[in-house]
Amino acid sequence: MLELVLVKLGGSLITDKNQPYTARLETMQKLVTEISLIKQQNPSLKMIIGNGAGSFGHQSAHKYNTINGVFCDADKLGFCLVHQDVLDLNRLLANCFLEAGLPVVSLPPLTMVVTQNKKLVKTDFSVIENSLKAGFIPSIFGDVVLDQVIGGTIISTDSLLVELAKYFHIQGNYQVKLINVGNYRGVYDQNGQVIPEITPANYAQIKAAIGKSESIDVTGGMIQKVEEFLAISDWGIDCWIIDGNIPGNLVEAVLGQATVGTVIRSGEYR
Ligand SMILES: Nc1ncnc2c1ncn2[C@@H]1O[C@H](COP(=O)(O)OP(=O)(O)OP(=O)(O)O)[C@@H](O)[C@H]1O
Ligand SMILES: C=C(C)CCOP(=O)(O)O
């Protein structure tokens, strides 16, 4: 079975979420170096890279309230400006991959998904699948999307990666894993300690300690992330939430070694 790892590079890590439009280029380069190492150590491993919007897309999405719909000309302009912001950040990241010699191809989710009242109703991931088969590394990101009821909205990288994890898992020829790399050590409990494992069984006890982002963020922060990842744990897809500031942590998580962070899994598939 082929191994497929979906990596989310959190906007909290690759940008300074408290400084509008501030990318962390050095951090991006370090993460790309780790991904190069992973490819060297396991050349047959397939990867899809997603990147969050950080202090780029979340700023404009908040300003234009794009997540709640696109109804007038000003909203339409906002929708387009948010799209440009996410493209701008993705381009900075894609350049780092290309400079490292990794064949990353940027694929805007706006062209692949449609929602109805913010719910995903249509997806066409064929370009991602074909890019993977052709030996490219698809690069996706949280984006604006067309919505059949409210005109337009926002879809997070996390939601897209969860959909992609299901899409490839269902095909039966991929062992799928999702790794979210952020500017946090993992998911913290009420004492600020990293929770090593979240399962459907222990979630009720720890839920109260998990909240939204402290920065401008329109897609829900940590609570949204954990709940989306929990929803695919029952499929046997493990999701890791790890600290991207610790050198080697991403390599270890992808290659299945001891990792600082939180794993979200059902517990039934081990
Ligand atoms: N229990 C918790 N553990 C960790 N972070 C938490 C917790 N509760 C709330 N948070 C907040 O959630 C944030 C992480 O969510 P956020 O969506 O900002 O991350 P991201 O996915 O890296 O960013 P982006 O959405 O821009 O890609 C943390 O920085 C913190 O402010
Ligand atoms: C704000 C926009 C446009 C996308 C949000 O994606 P995320 O940062 O992955 O939650």
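Glycine is no exception: its Cβ is also placed from the backbone N, Cα and C atoms.
No curator has checked TrEMBL annotations; they are predicted automatically.
The domain 'Aspartate/glutamate/uridylate kinase' annotation in TrEMBL covers 4-243.
TrEMBL lists K8, L9, G10, G11, S12, G54, G221, K225 with the feature ATP binding site. Secondary structure at K8 (ATP binding site), as computed by DSSP, is strand. Other Cβ atoms within 10 Å of the Cβ of K8 (ATP binding site) number 30 in total over all chains.
Feature annotation from TrEMBL assigns site 'Transition state stabilizer' to K17. DSSP assigns K17 (site 'Transition state stabilizer') to coil in the three-state reduction, outside any helix or strand.
Residues or ranges marked as substrate binding site by TrEMBL: A53, H58, T157. Taking the Cβ of A53 (substrate binding site) as centre and 10 Å as the limit, one finds 29 other Cβ atoms among all the protein chains shown.
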From K8, L9, T157, G221, K225, the binding-site residues whose CA lies within 10 Å of that of K17 (site 'Transition state stabilizer'): none
CB contacts for K225 (ATP binding site) [other CB atoms within 10 A, all chains]: 27
Candidates K8, G10, G54, G221, namely the binding-site residues, that fall within 10 Å of T157 (substrate binding site) by Cα distance: K8, G10
Per-residue pLDDT averaged over the domain 'Aspartate/glutamate/uridylate kinase' (4-243), given as an integer: 97
Between A53 (substrate binding site) and K8 (ATP binding site): CA-CA distance (Å): 11
